[in-house]
Each structure stands twice: as C-alpha cells, then as structure tokens.
Amino acid sequence: MSRDGDTPVETDGGTVVDDADSGSGSIGGPIGEAYRSLRENEFSVVIGSALFLVVFPYLLIEGMGMLNESLGDPGIGGYEGLASLVLIYGIIVIGFNLLLGYTELLSFGHAAFFGTAAYSAALLSSTAEISFAGFSATMPGITSPIAMLVFGTALATLLAWPIGFMSIRRSGVYFAVLTLTFGQMLYFFALGPGSGITNGDNGFSDVNVGSLLGMVDFGEPVSQFGALYLPVIGNFEIPFLVSLDYVPIEYVFVAVLFLLALTVANRIVNSPYGLIFEALGENEQRVEFVGLNVFRYKLMAFIISGAFAGMGGALFVMHESFIHPATALYWIQSGDFVIMTVLGGTGSLIGPVFGAFIFEYIANVISGATIPVIGEIGSLWRLILGAVFVFIVWVFPRGAYGALVDLKKFLVRAVESLVWAVRNPSEAPGAFTDWLRGVGRGIATWLRGVGRGVTSRVRGMLSLVGVGGGS
C-alpha cells in the first residue's frame, strides 16, 4: 500500500513508488536492490580512486628520490610527468579491456584510433596558411585543451565505426589480422600520401597547448594556487605531500578525465551491456541463441574502446607536445596496449591500469638506471619488460592485479586466524599447526599448478617445431 498521493507502478522486478510530493521515486524488489548495489559500488570506486589520485604523483616523485639515495644516485631517469603518462595509458587500457577482457576480441589496430586523435589534436592547434584565387590568410589554431580533446576523441570514435564494422565480421586470428592491417594502412598513409597533412617522418613538434578554460596555464605547477595546498596536521609534516611544485595543472586535468573514464567503464561493466559483453567472451553462440544481435554488441564494444583510445591519444600529444607516425600509428603501439592489459590482468576494471604503471615505470625509470657490470640499461628496458611479462603471465595468469588480490585474501585470512588465536589461547597451538599445514598445502597446490602450466606451454612450443610428438 502506498501513501496518499503516491502512484505505485508494477514492474517485472519490483514496484516503483512515484512520490507526487517530492517528484522522486524509490525502486523496490530485485531491480531496486541491484540498482542500489551498483550505486554503492560506483561510489566506492570513484571515492577510492579519487583519494589515490591525490597522492599518486607524490609517491612517484618521493619514491624515485629515495631510490636514488639508496642506490647512490645511479642515474635513474624518473620525472614528475610519469604520473600523468601512467593515467593517460590507463584511460586507453581501461577501454581496451572492455574489448579484450570482456568480449575477448584481440585487436592489434588500436594505434589507429590513438594516432588519429593525437594527429587531429595537433592539427587543430597548429596555424594554417590558406591561399585561394590570389587571397591568402593565416588561420590561428585552436589551442584549448578541451577543444583538442573533444575533436581528437570524436574523430577517433568515428573512425572506429567503419574499422569495427569490417573487422568484426571475422573472428579469432582473422579479426586480429584485419585490425592490424587497418592500423598499418593508416601508418603508411601518414608516411606517404598523407604526409602533406601529417608532416611525414617529421611529425609535429612543439604542439601548442593553450590555457585551460582561458584561465590556467597547462604547465603551471599546482603550488601556484594556495588553496590547493594539502593541510598539515599539527606540527607533523608529511614530506612528500607538502610541496606541490612538481605537479603541473596538466596532471589535475588528466586525473579528472581518468576518473571520468573509470566511472563510465564501471557503469558499463555493471550494466546489462557489460553482462552481454562478458557473455560474448564466454560463449558467443549462446548469446546468439537467446535472440541478441551479437554483431551489434561486439561493434559497440569496439567503438567504445576506440573512443577511450582516442581520448588517450589526444591527451598524449598534449602531454608530450610531439607526435610522430612511429610513436602514434605503428603496430608496436597497439602491441604495447595488449601487453599493458594482459600484464595487469584482463577482465578486471583496474587491473590494466596496474599493467600500464609497470610498463611505464620500466620504460621511463628503470631504463635510466646504471648497473655496475652491464652499464646503463637504455634500450634494454624492453628485454626486462619481456622477462617481467613472461614471469607474470606464466606464474600469475590473472595478471599483477590478480596476484595482489590473492595476496590480500591470504593476508586477511592470516589476520583473522591470528585474531582468533588471541581470543582462544587454549585452542591456539593446534589451530596454528592446522593453519601452517593449510598454508603449506596451498603453496604446494599453487606450485603444482605453475609446474603444469609451464610444462604444457613448453610442450606446446616444442610441438610447433616438430619436437615431442608434433607432426
């Protein structure tokens, strides 16, 4: 029964009560419970991520400084822009994970959307010379970061539609090769017929990025705004949080967009569309049998991931102020997106971001280290990355984030067992012995699983070359 003035509306999952006085409604039943659960999950994701983004750049700066001191200043080349770079690639792989981690479509052509957005943003901000019928004029570029972002993302999204439309009609390795082909076509177009637009091998350097909203210079440090200083509690100062001279306004802009991308992806994953994407990855035939348009949903996932890649590409050119076909359109860039996603863990919302962090930390920090015997690592950083990638994929199939989740569960169980032992001292010795046995069995089971996985992979590789039973 509803209150006076309320109009109950029956639905399949519950009752929506329309409050005539307030104009709002409350949803009951399973639908309402699912909706409230989604909102609570979204709130925790947004708040937790926002708090982490506040301290993230300071952790990198201070961490690299302490590392320099502890190793006698070996020349580790970290810089304050690393935090922004990690978040930019984080945006890309969050969208790429919707395609690879949920629908299980492996694309090697996402550099096309990344590069299209980057070049579009650079072109928008550049000065153009126009001459026609004896008339010549100079058109100033549009350097607004928001305009560059919107323009680049929009063109990348539009490009994702025809490429996805043609590629998704094939599956498996054929889909991967088609996306790779389209990406390489754009790469060679930028170097050849389109060099008049893209500047060919020279690319664009010193890309002009204007002020944000006409008020804030993109490169100004956050410390220019006293209101943004973090508070100090009493006389206790947190060393790596009191100085904001190293963090540019650009980081705040990128962090807000990263938070927006994470929120959108979280809403998609927890919506019916996310469930359909996941079902497509598990069993495409069953999805088709229940009457859903498989092609449409796969195309939707492809376009969304292309839009995320475009957003990252536009931010990348604003961050680097430079763009070149080899850094934006070449297939290696697409391969890097795949490595980041798998390294962090597919099928989880935040896992690929961990992969982006590991990738960029090795590429930008470890690559500048000097080892006494070997010397400066330099270009050998990809060898180190490959070793880390192989280790994580073979030992932790769920990626680095999955390994952290498993470690968290193990520590929680250990703490719970310790608390129980303190509360029940008479039964603690026997329980502790049982706990140790359980830990030992768990480690042994994990090692056996790793051994079986390594053995099966080695046998598979040997069979490819005709050894060990291969024909």
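Glycine too: its Cβ is placed from the backbone N, Cα and C atoms.
Copied from TrEMBL, the annotated features are:
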- 8-17: compositional bias 'Low complexity' (COMPBIAS)
- 1-25: region 'Disordered' (REGION)
- 43-61: transmembrane segment (TRANSMEM)
- 81-100: transmembrane segment (TRANSMEM)
- 112-136: transmembrane segment (TRANSMEM)
- 142-161: transmembrane segment (TRANSMEM)
- 173-192: transmembrane segment (TRANSMEM)
- 251-269: transmembrane segment (TRANSMEM)
- 299-317: transmembrane segment (TRANSMEM)
- 337-359: transmembrane segment (TRANSMEM)
- 379-401: transmembrane segment (TRANSMEM)
Other than its close neighbours in sequence, what residues sit by the transmembrane segment (337-359), given a CB gap under 8 Å and a spacing of at least six beyond its ends?
45, 86, 89-90, 92-94, 96-97, 100-102, 106, 108, 110-111, 114, 262, 265-266, 269, 309, 385, 388-389, 392-393, 398-402, 404
Please report, as numbers and ranges, the same-chain residues at least 6 past the borders of the transmembrane segment (299-317) whose CB is under 8 Å from any CB of it.
88-89, 91-92, 94-96, 98-99, 102-103, 105, 107, 110, 113-122, 148-149, 151-157, 159-161, 163-165, 167-168, 204, 207, 254, 257, 261, 265, 268, 273, 277, 280, 323, 328, 337
Are there at least 3 C-beta pairs under 8 angstroms linking the transmembrane segment (379-401) and the transmembrane segment (81-100), leaving out pairs fewer than 6 apart in sequence?
no
Would you kindly list the residues that approach the transmembrane segment (379-401) from elsewhere in its chain, counting only those six or more residues past its ends and only Cβ-Cβ distances under 8 Å?
339, 342-348, 350-351, 354-355, 358-359, 362-363, 366-367, 450, 453-454, 457
